[in-house]
Amino acid sequence: MASASRVRLGTLVPLTKDNAGSSNGSVSSIPIFQGSNVVGRDHLVVVDKRISRKHLSLHASTDSSIEVVVEGPNPIMVRSKGQRLKVCAKEKAKIAHGDVLELIPGDYFVKYVDMGDEHKSTVPMNLSDLKKGKRHSEEDSAAVKRNRQIMEDEALARTLQESFAEDDTAVSGMTSVQKISSHDSAGSSGRNNERTRSVGPLKDILPLTFRLMRVQGLPSWTNTSSVSIQDVIQGEVLLAVLSNYMVDIDWLLTACPSLRKVPHVLVLHGQDGASLELMKKLKPANWILHKPPLPISFGTHHSKAMLLVYPQGIRIVVHTANLIHVDWNYKSQGLWMQDFPWKDTNDMNKKVPFENDLVDYLSALKWPEFRVNLPEVGDVNINAAFFRKFDYRNSMVRLIGSVPGYHVGPNIRRWGHMKLRNVLDEITFDKQFCKSPLIYQFSSLGSLDEKWMSEFACSLSAGKSDDGSQLGIGKPLIVWPTVEDVRCSIEGYAAGSCIPSPQKNVEKDFLKKYWSRWKADHVGRCRAMPHIKTFTRYSGQNIAWFLLTSSNLSKAAWGALQKNNTQLMIRSYELGVLFLPQTLQSIPQFSCTEKSHSSRDGVALGKTIKTKLVTLCWKGDEEDPSIVRLPVPYQLPPQPYGTQDVPWSWDRRYTKKDVYGSVWPRHG
């Protein structure tokens, strides 16, 4: 039964540890309806494995009595009438209006508020009750003011959004190809086709391949054209390769149950210890886990990608979110995806740069080969070479990967920032980008020095202008949340746990000249802290190139030149997609929801068209098919830090309470 048709009897309201009546930022408010209710991990703002997905079941009767049963293995505490009662697994307890539950003893406090009691006006109250009522009234007033301020802030964003809302609505809920969505009505399909005819093929193609991810707790307009994991993994998947750092298999199978039906799943991960043991315990029998080899200490497997094989071809996805609940629901994240058909038999030996990029990177992962039987394809070995069976001629990006090791000779320009330098060196850009600024935006800052920052800027400044001269070194700017950004975010200070940079890295004096504000009004994500990583070069609202990547700003991720620049040392596996105007073409289309195999149906190979990349805020000719607007998640040009702005570092102490009434760190 849908909650909208049920009778709501009360609410579990989050409290601070001192029971002051304001949320602690770790639990969302939980409505309690007549009949059965479930309370668990999905109600937490930040994932805590001590809380089970079905931690408690609550049965609410019409007389407002609530019976609580502990379904998870960990006990809870019930605070009622001045007493604390411990309730262990499978035990029951009764709660009433005003009782407090500690979901883990001493942590995660929620108070049961009866809807009926909330609206009684004839109940006698003593002086103490009146004082409590006044305090709660003041807190409610403060909350209203805070929400009003948020609404005012977002009004500006909505105004900016109106200029392109019509376009976004036309592609609402779509994935990388219009035919893929199973939710389109005939009417909306007709409108999409009409718009495509009127503005040309490129207008809607790129926004359909690069999207921001949906964020809970934001106004609905901010998610108009963003995607969820269910939008990405859909249809008849024959084989899935899921690459990530953190993988919560329990959440993943709940969020995307269609994965249970995929016959073959390979998970490339960066976990070890207890996290790895839990993955082994939770994984379905047909899943294979593999942690790529790390030849250098202190590295990790950090790449975030999906390879989904269908009867009609392959969907390739590169994104920025760990496969965990909080990353796909509360962070600013980005995702690129594109579908490619199977190669014709006559095209097997034809290769393009994207294909070589992909196979080179997959070869470095050294996963154990396994054999599968694919319909109409037959028995095949699943190794890096298998992915040459798809036609990437219409790829819209270049892949920029990092592979750990000491790279010398020709290999020095195959990985990391030297790979990016190598690709940019081959491109001619408009003269307006000569010495234009660079943007570094990421969620973790390594231990850097000015020498490496210069080395990195040289790579990102590569390329030639129209007259053949070098573009020249651009001034770097670092887009990074301030302490106030984190404090006032939709998660409060809890968001800072996913911006894990220590004070010793953040507060180096030479970095002060780089700091720029995280401002995302135009996409409504000022309060959704960034886990997305992007790097770009711009002039005004025009973009020379744009990189969406798993790489943070660190030597480990991008590599550092050594031995008189004859060796590049990289510690981590990373993967990103580089958007260049010269690579944009019309894309092959197939429906991943079709049952029949038709390898070339719908493919429309297009010629390269001279295009221009711009931000969503660009106000030029809306009907020009050569103008492609990217949902860059921050405003250009970035706003420099003010005198009062302090860059976020996660190991400092912050005593000013966040929007949930919490300080940082939460304990200790």
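Quick reminder: no glycine exception, Cβ is built from N, Cα and C everywhere.
Please treat TrEMBL annotations as automatic predictions, because they have not gone through curation.
The feature region 'Disordered' is assigned by TrEMBL to 168-198.
Annotation comment: TrEMBL describes 172-191 as compositional bias 'Polar residues'.
Counting only same-chain residues at least 6 apart in sequence, those with a Cβ under 8 Å from the Cβ of His302 (active site, nucleophile) are Tyr245, Gly270, Ser550, Ser551, Ala557, Ser572, Tyr573, Glu574. Under the heading active site, nucleophile, TrEMBL lists His302.
The feature substrate binding site is assigned by TrEMBL to Lys304, Lys533. Cβ environment of Lys304 (substrate binding site): Ser243, Asn244, Tyr245, Val318, His319, Thr320, Ala321, Asn322, Ser550, Leu575 lie under 8 Å away, each six or more residues apart in the same chain.
As annotated by TrEMBL, active site, proton donor/acceptor applies to His531. The Cβ neighbour count for His531 (active site, proton donor/acceptor), using a 10 Å radius over every protein chain in view, is 23.
Feature annotation from TrEMBL assigns site 'Interaction with DNA' to Ser554. Residues within less than 8 Å, Cβ to Cβ, of Ser554 (site 'Interaction with DNA') and separated from it by at least 6 positions along the same chain comprise Ser444, Leu445, Gly446, Ser447, Leu448.
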Handout entry: Local Cβ density at Lys533 (substrate binding site) - other Cβ atoms counted within 10 Å
Key = 24
